[in-house]
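Only one structure is covered here, and it is reproduced in the block below.
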Amino acid sequence: MELSDFCQMKGKVSTRSISSLFSLNNRAAAMSLTAAGLFLDYSKQNITEHELSLLIAWAKEQGLADDIQQMFSGEKINSTENRAVLHSVLRAPNAVKKTILKDVAEEVIETERRVEKIVDEVRSGKLISASGKQYTDVLVIGIGGSFYGVKVALTALRPFCSNTLSVHVLANVDGGAVQEKLANLDVSTTLVIVISKTFTTQETLLNAKAVKQWMLTKSDTQYSRNVISTQWFAISTNIAKATDFGLLVDHIFPMWDWVGGRFSLWSAVGLPLALAIGNQAFAQLKQGAYEMDQHFSHSAFEDNMPVIMALIGIWNRNVLAHSSLAILPYDHSLRALPGYLQQTDMESNGKSVNKKGEKLTCTTAPIVFGQEGTNSQHAFMQLMHQSDEIIPTDFIVALKGASELEEHHKVLVANCFAQSEALMQGKILIQAQQELLEQGFNSEEIKKLAPHKVMKGNTPSNMLMLDEVSPHSFGALLALYEHKIAAQGFLWKINSFDQWGVELGKQLGQQILSVIDGGEDPSLSASTSALISRFKYANVAK
Ligand SMILES: O=P(O)(O)OC[C@H]1O[C@](O)(CO)[C@@H](O)[C@@H]1O
């Protein structure tokens, strides 16, 4: 069967009610599974077991098992950059690293040791600043894949973070953001980590320069000579550029071209996180991810959580033509997850040609958005309930809350379950009329009000449950989404591991900067030229 054959089923599928599918009484049990400590209920999706089995058969025909195998074994599947995709090996035991990475394994293992050593030394106060003080803060500078992973994990694992060492992340190239971060930092107790695979990224370098300037200016003169070489560290493939910037070679941790930015948390990029949560918790994070890797690479597709989620995503995107995916974590600690997944999913699968460069005949990545529950209920969920747009949703919730406020967690979870039920059940006109009648409205009022109270329902959702948000479960969760996205890319026959789409903006950004600085560029549109003039006038006028 081809994907286009499934698309023929749209008419029949989209008009049936998801609730009616529950007439088969074992649906909830049959359409749920566990992996690496996570539980997934996908029974509220608009798909039957039979349809899913057809999709699984299709995935097998497409060679998904070989694709997965090729990724884990280090084939150069990132074809446009001629690179392997091996972030998963970074969370595997050393014996696996040696088998897969061969000569490079030693460097990878040595880098892990170096990360662990510096984490211990900073946290124990053995490694001190240029002025001899214990570090109280870490400022991380990076953007894109060199930012989101660290950010999401720091937010998720806040309860596991040190109380004496705070980690702050600076990404956006905005003077306001820089000043806000620096306002509460003390140069004599701040360790700086620059994360940049290339060490050429404009935003990161400009931020690094500003922070360097701040550190040099604010340091006592007797320490300013050593402050950068002592207190700055970097994770980069570009040793030359990092040393030119003033970093000691010993303070630079390598990255490898087979680790994409958005999958790099598991490498030395995780250093700031490890500083915050300690080596043991960082190892548990990797262990959780490794268990998901094992599950993904070895489980039958029928029981394979990333594969099932990938197929359901394809069903929603291509067969039912739903263009978005809402990520709604009902857990304050997971509030950065939607932003993280926007990058992981849309930068990976936001493509329209296949690996051979041919135009695709199907759509790919959904528009991913979201926010923590219950805030989203008081915002965009109105549209999800009452507009004509059907937005498939991933609800994510922990069985145990992070706080001692048990009542809060009960209310949070009740809201989460309620939304998944409400999105599926909806409310038809007759129900709305009946409710209004029971509330004492007269027939004239009911006629006017009832249509406004109808909810379309039939919105499919997944419910992902963690026992609690811990380094282990969070590692498994990140790996689950990484693999779901990879599996979708394999099935769409695209390269999920490059991101050429971000380049044009970068290039034009440089051109425009030179026009702002006095150059000329006749290739720019009249609109942009006028905007530049307006900006220049406002700044000259100051
Ligand atoms: O780590 P670098 O080289 O500074 O690049 C930053 C990020 O920008 C991108 O090029 C585009 O988002 C990502 O691939 C990368 O993670």
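Positions of Cβ are set from backbone N, Cα and C atoms, glycine also.
The Cβ of GLU347 (active site, proton donor) lies under 8 Å from the Cβ of GLY144, GLY145, ARG262, GLN499, GLY501, VAL502, each of these being in the same chain and 6 or more residues away along the sequence. Sequence annotations record features per position, and here TrEMBL assigns active site, proton donor to GLU347.
The active site annotation in TrEMBL covers HIS378 (among others). Every protein chain shown contributes to the tally, and the Cβ of HIS378 (active site) ends up with 10 other Cβ atoms within 10 Å.
Within the same chain, residues at least 6 positions away in sequence whose Cβ sits under 8 Å from that of LYS506 (active site) are GLN202. According to TrEMBL, the active site annotation covers LYS506 (among others).
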